[in-house]
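Peer 1: Before we start, here is the structure in question, set down as structure tokens.
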Amino acid sequence: MSFFDHLQKKGVGAIQAQKVQIRKVERKPSKVVSSSSSSSIAKPQRRLDTVSKPVAARRSASSASKPARHPQPRSRPPSRKRNTIEPTLFGSSEESDTDVSLDLRITKRARVSSSVEPDLHRRVRDTDAFSDGEAAFDMIHAADIISSKKSLGFNNAFGIEDGPIIVELQYPGAPQKERYQLVVPRDNDGFKPLDDIVQVLEIVSQNYISEEHLALFEDESNGLLRRLRRALSNTSLTDFLDGVKSYNETIQRLHQDGSISRHLDSKHALALPLVERILTQVYSRTVSPRVDSLRQYENGSDNVYGELLPRLVSKIFAETRLKSDQVFVDLGSGVGNVVLQAALEIGCESWGCEMMQNACDLAELQEKEFKTRCRLWGLQPGQTHLKRGDFLEVDSVGKILQKADVVLINNQAFTPELNHKLVNYFLDMKEGCQIVSLKSFVPAGHRIQSRNLNSPINLLSVKQKQYWSDSVSWTNAAGTYFIATKDSSRLKAFLESST
């Protein structure tokens with residue numbers, strides 16, 4: 001969903017300090033990263049804990065081709081088709097629909113860090129996910145996505161004719177595994193199970209494995225990553241299954257001996273690629289299969305769909321210094337992407353309100369799967385609250401705005417009337433509350449004067465910020481956003497100087 005890994009095509013590059021400058025907007029192809037993992041293997045009708053009869057994958061004679069959203073209830077510009085955060089590892093061509101090809105470059109792990117300031121009060125690990133008594137829970141498996149589409153548009157990976165093969169993938173948190181079908185989409189924009197497996201292993205290596213065990217994953221001769229890359233390069237199903245089995249056993253051992261728990265307990269923040277991977281998994285299992293329902297919007301109204309992509313959202317969190325003991329509110333939360341990102345990346349109490357019913361339905365699906373995914377990854381997010389209705393009329397929203405520390409309003413296409421009504425809500429917000437918007441609520445050149453003393457905008461101190469290209473869903477271009485802080489000191493100073 002880059003919704004939210006640094007491999008997504010939109011909105012996930014490394015966050016850079018923004019300078020006031022003219023920058024040529026260029027579109028760059030997403031980087032190709034290869035890594036993979038999986039678990040117990042089974043035939044279509046049953047799963048096996050071990051591979052009793054290795055299946056030799058046939059190599060094709062032909063060459064293979066190389067391989068979060070944030071809707072807003074009120075007005076949003078029409079969005080471009082959302083790009084999922086899946087790296088382009090596998091694909092199909094007219095010449096070969098079943099073979100697999102990928103970039104096998106070996107890269108040393110770059111230690112990833114959070115884009116926000118460390119919050120020493122935050123504890124990122126979900127202790128329940130690591131308890132022995134963790135019960136089974138409902139989840140949407142990757143295999144369910146394929147099944148829901150009745151396998152249309154997919155070919156079996158590795159050239160297998162009698163399949164598809166099903167594998168199970170172990171996560172670093174709760175012991176429950178996820179089922180995957182080893183298939184390749186005919187449409188390059190379709191769901192890519194192999195890519196998802198690869199990214200899980202890559203993210204686990206980067207964020208859950210301590211230095212003392214790193215060689216198990218990244219040894220250039222026989223590390224788990226290398227073994228899987230070699231298996232994919234050689235189109236060897238047997239080697240791939242063996243590599244996945246070894247990965248699952250390694251994760252289970254590190255989970256049981258406490259290594260993963262200790263590593264997570266040393267952290268006070270989550271890296272953006274990890275956040276994006278989880279949000280992408282949630283989005284691809286809930287929103288993507290139903291995304292057509294979001295295309296219903298009315299131009300010129302307050303109900304237009306559009307998203308702020310994870311990179312920009314993370315930058316906003318950093319700019320506002322949002323912390324885990326604070327309250328975040330998204331007015332016009334769409335399918336809940338930003339609400340979930342705040343709860344996961346920051347760990348804060350996170351609220352959203354949306355009036356478009358289709359978006360609300362999908363937001364509730366995302367929220368449920370989000371909690372499941374956090375358990376699988378062993379992470380403790382902040383509380384999430386999603387409300388239906390007009391945020392100007394929902395009582396609970398008005399009350400939470402009085403406690404809010406950061407409020408996001410994607411008012412890019414709001415009508416002037418709605419923007420004017422919103423300004424009056426700022427009167428009830430607490431001192432120091434920060435309001436982030438794509439259009440400023442304070443006109444350029446505004447000055448406090450005797451004739452406008454009663455205007456709510458006199459309570460706002462505004463800063464203009466820049467975002468780079470591919471930060472929002474409706475355009476590739478760079479742009480600006482605004483952070484308004486409720487600060488009554490300027491108005492008090494004016495009144496004192498006038499007496």
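These residue numbers are counts, starting from 1, taken along the chain as shown.
Just so it is clear, glycine is given a Cβ too, placed from its N, Cα and C backbone atoms.
So Swiss-Prot lists the following for this protein:
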REGION    1-96  region 'Disordered'
COMPBIAS  51-66  compositional bias 'Low complexity'
COMPBIAS  67-82  compositional bias 'Basic residues'
DOMAIN    178-499  domain 'DOT1'
BINDING   305-308, 328-337, Glu354, 390-391  S-adenosyl-L-methionine binding site
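Show me how these features fit into the structure around them.
Peer 2: As a whole-number mean, the pLDDT of the domain 'DOT1' (178-499) in this prediction is 92.
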Peer 1: Would you mind ranking the binding-site residues Ser333, Asp390 by how many other Cβ atoms sit within 10 Å of each Cβ and giving me the lowest?
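Peer 2: Checked Ser333, Asp390; of these binding-site residues, fewest Cβ neighbours within 10 Å: Asp390.
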Peer 1: Determine the Cβ neighbour count for Asp330 (S-adenosyl-L-methionine binding site): the number of other Cβ atoms within 10 Å of its Cβ.
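Peer 2: So the number of other Cβ atoms within 10 Å of Asp330 (S-adenosyl-L-methionine binding site) is 31.
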Peer 1: Please report the number of other Cβ atoms within 10 Å of the Cβ of Gly336 (S-adenosyl-L-methionine binding site).
Peer 2: 32
Peer 1: What three-state class does DSSP give Asp330 (S-adenosyl-L-methionine binding site)?
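Peer 2: It is in a strand.
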